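I have a structure here, written as C-alpha cells, and I will follow up with some questions on it.
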Amino acid sequence: MNEEQRLASQQVKQPKPEKDYSSYFERVVTAAPSLKDAKKRGKEEVKYHKDFAIDEEFLGMGQGRKFYIRTYGCQMNEHDSEVMAGIFTQLGYEPTHLIEEADVVLLNTCAIRENAENKVFGELGFLVKYKRKNPEMLIGVCGCMSQEESVVNKILTTYQHVDMVFGTHNIHRLPHILKEAYMSKEMVIEVWSKEGDVIESLPKQRNGAIKAWVNIMYGCDKFCTYCIVPYTRGKERSRRPDEIIQEVRDLAAQGYQEIMLLGQNVNAYGKDFADIEYRLGDLMDELRKIDIPRIRFTTSHPRDFDDHLIEVLAKKGNLVEHIHLPVQSGSNDILKIMARKYTREHFLDLVRKIKAAIPDVALTTDIIVGYPNETEEQFQETIDLYREVGFETAFTYIYSPREGTPAAKMQDNVPLEVKKERLQRLNAVVEEFSSAALKKYEGEIVEVLVEGSSKKRDDVLAGYTRRNKLVNFAGPQELVGQIVKVKILEAKSYSLRGEFVEIVNRHEVEV
Ligand code: 5AD
Ligand code: SF4
C-alpha cells in the first residue's frame with residue numbers, strides 16, 4: 001500500500017455536518033462562517049487596502065464608555081487585540097482591566113486545540129452574571145473560533161447573552177459591528193469566510209513600550225492535516241516590504257528595543273508577490289540595518305526555510321540567534337500523514353546547515369504526540385530526533401481533532417492514556433535538554449533586555465537573552481527597557497539567576 005492509499009484507508013467517511021441557518025432568523029447576519037468556503041484558495045484576488053480610516057459617523061461612539069478585551073492563543077491574536085484596542089481608542093472608548101466596569105467585553109478566541117475552545121465557552125458562561133447585572137453591556141466573540149460554523153451555532157443556541165460574533169477578516173469592521181449591536185439588540189454575526197485582504201494603517205494600542213509585534217504576513221496555505229489555521233486565517237498574503245520596514249523604523253524611533261515579526265508561516269513571506277522576487281531573507285537583510293537592538297520572527301516552517309535566509313541570519317547584528325522551528329514529529333510516516341511536506345532527513349539537513357552557519361544558535365520546536373495511529377516506534381523516532389537536534393526547549397501537545405480538517409476524519413487506534421504517557425515521556429526529555437541548556441550559562445556573561453520586575457519580587461528584575469533565556473537579577477527599576485550585561489550565577493529549572501554587570505552601550509549594528 002502506498003502512502004496515499006494508506007492515508008485514504010485511515011479516513012472514515014463521516015456524515016457532513018448539516019448547515020442549518022434557520023436559527024439565524026431574526027438575527028442580524030451579514031455573513032455567516034463556512035469552513036468549506038474558507039478552504040478555497042486562489043479564486044479571489046487579495047485586495048490591498050492602504051488607507052484604513054474610521055468613518056466620521058462613528059467617532060465619539062465610545063464617549064464615556066469602557067472596553068475590555070481578553071485574548072486567548074498565539075501572538076497573532078495578541079497583536080489583533082492591540083489593533084482592536086486601537087480602534088476602540090479612536091472611537092473614544094477607554095480601556096479597563098475590570099469586566100464589571102466594561103461597557104463592551106470582547107473574547108478574542110483561539111481554535112487550535114479543543115481545550116483552548118473549552119476555556120472560551122467556560123468564560124462565556126461566566127459572563128452571564130455580568131450581563132444580568134448590566135444588561136447594557138455588549139459581549140462579543142471574535143478570533144479564530146468565530147470562523148467555525150459549529151461554534152457560531154453553539155453560541156446561537158447556548159450563549160444567547162452574546163451580542164456580537166465577528167471573524168478574523170472583520171476586525172476593521174468593528175465600528176460598524178458595534179453600531180449594529182447598539183441599534184438592534186439582536187445578536188450581530190459578521191464572519192467572512194474569504195481568503196482575506198491586507199489592510200494597512202490600522203490603529204494600534206500596543207501593550208508595552210519595550211517589545212513590539214509586527215505582522216509581515218497573514219494566513220497559511222500549508223493545510224497540515226491537523227491544523228485549523230488555514231481555515232480560520234485565510235490564504236497566505238504578505239505585507240509589502242516598504243510598509244513593514246517603515247513600521248519597524250517608526251517603532252525604533254519610538255524607543256522600542258525588540259521586534260517580533262509575525263506570520264503563521266513566515267518562511268512563505270513574499271511567495272505571493274507577482275511583481276517582485278522578494279523573500280524573508282531579503283526582508284531580514286534590510287531590517288538588520290535598522291537601528292533597533294533585536295529582531296525575532298515566528299513561526300517558521302522547515303519546508304520553506306531557504307539558504308539565503310540562513311546566510312542573512314548568520315550576519316547576526318540585531319538578528320538574534322534563536323530560531324523556533326516546529327518539527328511536529330520525527331517519523332517520516334507521521335510527517336507524511338500530517339502533510340508537512342518534508343522528511344526527517346530534510347529537517348536534519350536544514351538543522352545541520354543552520355548550525356554550520358550560526359554555531360551558537362538556540363533551536364526550539366513544537367511537537368504533537370499521539371497523532372492518529374502513531375505507533376510506539378514512530379513516537380521513539382520523535383524522541384531520537386529531539387536528542388539528535390538538541391532542541392533547547394519545546395512546546396509539546398497531544399493531538400486534538402479539529403472539525404473540518406482531514407485528520408479529524410481519520411480513525412485513531414491510540415488510546416488517550418497512551419497519548420498522555422507519551423507526552424510525559426517526551427516532556428521528561430524536553431526538561432533534560434532545557435536544564436542542560438541553562439546549565440551551560442553558569443559563569444557566563446549574557447546580554448539581557450530588561451522587561452520589568454520578576455513575578456515574585458519587585459526588587460528582582462527580569463528579562464530575556466538574545467537566545468530567549470529568562471534571567472532574573474537584582475537591580476534598580478531604571479534598568480527596565482535597557483539592555484544590560486548580567487553574570488550568570490545559577491541555572492534554575494526554567495530560568496537563570498545572575499548579577500548585574502553593566503549597561504550595554506547603544507547597540508552596534510553591523511551593516
Ligand atoms: N492538535 C494539537 N496540536 C496542534 N497544533 C496545531 N494544531 C494542533 C492540533 N490539532 C500545534 C502545532 C503547532 C502549534 C502552534 O500548535 O504543534 O505548531
Ligand atoms: Fe497550521 Fe501547518 Fe499552517 Fe502551521 S504551517 S499554521 S501547523 S497549517
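Note: Cβ is positioned from N, Cα and C throughout, glycine not excepted.
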Of the ranges 1-21, 400-420, which one does TrEMBL list as region 'Disordered'?
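Feature region 'Disordered' in TrEMBL: residues 1-21.
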Which candidate from Cys144, Cys220 does TrEMBL annotate alongside Cys74, Cys110 at the [4Fe-4S] cluster 1 binding site?
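[4Fe-4S] cluster 1 site check in TrEMBL: besides Cys74, Cys110, the record includes Cys144 out of Cys144, Cys220.
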When the Cβ positions of the binding-site residues Cys74, Cys110, Cys144, Cys220, Cys224, Cys227 are compared with the atoms of ligand 2, which fall under 6 Å?
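Checked binding-site residues vs ligand 2; flagged Cys220, Cys224, Cys227.
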Return the members of Cys110, Cys144, Cys220, Cys224, Cys227 (the binding-site residues) with CB less than 6 angstroms from at least one atom of ligand 1, or none.
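From Cys110, Cys144, Cys220, Cys224, Cys227, counting a Cβ under 6 Å from ligand 1 as near, the near ones are Cys227.
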Give the helix, strand or coil assignment DSSP yields for Cys220 ([4Fe-4S] cluster 2 binding site).
coil
Can you list, in sequence order, the residues of the same chain other than Cys220, Cys224, Cys227 whose CB lies within 8 Å of the CB centroid of the [4Fe-4S] cluster 2 site?
Lys222, Phe223, Tyr226, Ile228, Val229, Pro230, Gln264, Asn265
Reported as an integer number of Å, what is the Cα distance between Cys144 ([4Fe-4S] cluster 1 binding site) and Cys220 ([4Fe-4S] cluster 2 binding site)?
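Cα to Cα, Cys144 ([4Fe-4S] cluster 1 binding site) and Cys220 ([4Fe-4S] cluster 2 binding site) are separated by 13 Å.
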